[in-house]
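> I have a structure I would like to understand better, so I am pasting it below and will then ask my questions one at a time.
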Amino acid sequence: MSAQSVEEDSILIIPTPDEEEKILRVKLEEDPDGEEGSSIPWNHLPDPEIFRQRFRQFGYQDSPGPREAVSQLRELCRLWLRPETHTKEQILELVVLEQFVAILPKELQTWVRDHHPENGEEAVTVLEDLESELDDPGQPVSLRRRKREVLVEDMVSQEEAQGLPSSELDAVENQLKWASWELHSLRHCDDDGRTENGALAPKQELPSAVESHEVPGTLNMGVPQIFKYGETCFPKGRFERKRNPSRKKQHICDECGKHFSQGSALILHQRIHSGEKPYGCVECGKAFSRSSILVQHQRVHTGEKPYKCLECGKAFSQNSGLINHQRIHTGEKPYECVQCGKSYSQSSNLFRHQRRHNAEKLLNVVKV
């Protein structure tokens, strides 16, 4: 049975009040003897991600009463965290990982989840690897631009692999292009869209998607304006964007029958079923789904720090670490709170700051 089909119709909760054990059973396909429902061993359970989603999406209306609701939530949580097989530290990492992925932008959530990280450190490595791919100063501009395009296509393919309706793919592609543009750019400019040396931001490097997800077949911009996004500023001018013709989906998954327009999307999708991680570390045996992630991981063993700050000479193993460090020298604070206007150099600091606003709102609600 595929992970997708299990997710859609796999869990049968038995909430009868007089039962001594409130357990969750997994619905299996009918076996040769005609038996349909049975509990299954831990090593044959579906992906814990399925139970995590069920745990988070569970509603009070799904149970006959409060006692049954707590019992069902407890069972779903147990099937997600699996205390019978995981240590306390592993369970803690799973909870931290879930929260970390939840606070990411939607397009990055998809990217991270496709790599199936087992803890927060692996999730960070996935994102740092993406950022390095998008912003390698040692490569020609044309090659870096092409890398961004390929990665955007790859990320859109992953949305396809997870069953996103084709009508929404253009909107997702726009989100991803903005995200890749923000990750790639380190240019500073004024209100005229000029860089620090007075030159206009190159028009040919503008991303092809703008402002809204509701982009028509042809997009015309009127009077030039300044559009600021994250760390980048540039003048908006008149240009057109035409949709690509719909692509024929000719790659089929043998497990669940889903169709994909690109072979790479099918390969990524099939890892959902297989859990394949073909790239293993010879030092510690840890396996990864992508060779680029393995390269990043190996720096833990080698101590390699190829990214060096030209200001002070400090070196970093990840390009994202260098980018964050350089803000100490530049004083750059690209992360701004929309509620009060306060700016921060690190997104994590902005997140903590915004939690304070949320707490204040909650207190106001309680007082009322």
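Numbering starts at 1 and runs along the chain as displayed.
Using the three backbone atoms N, Cα and C, a Cβ is placed for every residue, glycine included.
So Swiss-Prot lists the following for this protein:
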- Lys22: SUMO2 cross-link (CROSSLNK)
- Lys27: SUMO2 cross-link (CROSSLNK)
- Lys27: SUMO1 cross-link (CROSSLNK)
- Lys147: SUMO2 cross-link (CROSSLNK)
- Lys177: SUMO2 cross-link (CROSSLNK)
- Lys236: SUMO2 cross-link (CROSSLNK)
- Lys277: SUMO2 cross-link (CROSSLNK)
- Lys286: SUMO2 cross-link (CROSSLNK)
- Lys361: SUMO2 cross-link (CROSSLNK)
- Lys367: SUMO2 cross-link (CROSSLNK)
- Tyr335: phosphotyrosine (MOD_RES)
- 251-301: region 'Necessary and sufficient for nuclear localization' (REGION)
- 251-273: zinc finger (ZN_FING)
- 279-301: zinc finger (ZN_FING)
- 307-329: zinc finger (ZN_FING)
- 335-357: zinc finger (ZN_FING)
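Are these features on the surface or tucked inside, and what touches them?
Other C-beta atoms found within 10 angstroms of the C-beta of Lys277 (SUMO2 cross-link) number 17, with every protein chain shown included.
Around the Cβ of Lys286 (SUMO2 cross-link), 15 further Cβ atoms fall within 10 Å across all displayed protein chains.
The number of other CB atoms found within 10 A of the CB of Lys361 (SUMO2 cross-link), across every protein chain shown, is 11.
A strand conformation is recorded for Tyr335 (phosphotyrosine) in the three-state DSSP classification.
Residue counts for the region 'Necessary and sufficient for nuclear localization' (251-301) under DSSP (helix as H, G, I; strand as E, B; rest coil) come to 23 helix, 8 strand, 20 coil.
The predicted model assigns the zinc finger (335-357) a mean pLDDT of 83.
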> Near Lys286 (SUMO2 cross-link) in space, meaning Cα within 10 angstroms, which of the recorded positions do we find among Lys277, Tyr335, Lys361?
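Matched recorded positions: Lys277, sequence order.
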> Is it possible to get the count of other C-beta atoms within 10 angstroms of the C-beta of Tyr335 (phosphotyrosine)?
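That number is 19.
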> For the zinc finger (279-301), what are the same-chain contacts with Cβ under 8 Å, counting residues 6+ beyond its ends?
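Same-chain contacts beyond the flanks: 115-116, 122, 125-126, 128-129, 132-133, 271, 317-318.
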> Could you round the CA separation between Lys361 (SUMO2 cross-link) and Tyr335 (phosphotyrosine) to a whole angstrom and send it over?
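Roughly 21 Å, rounded to the nearest whole number.
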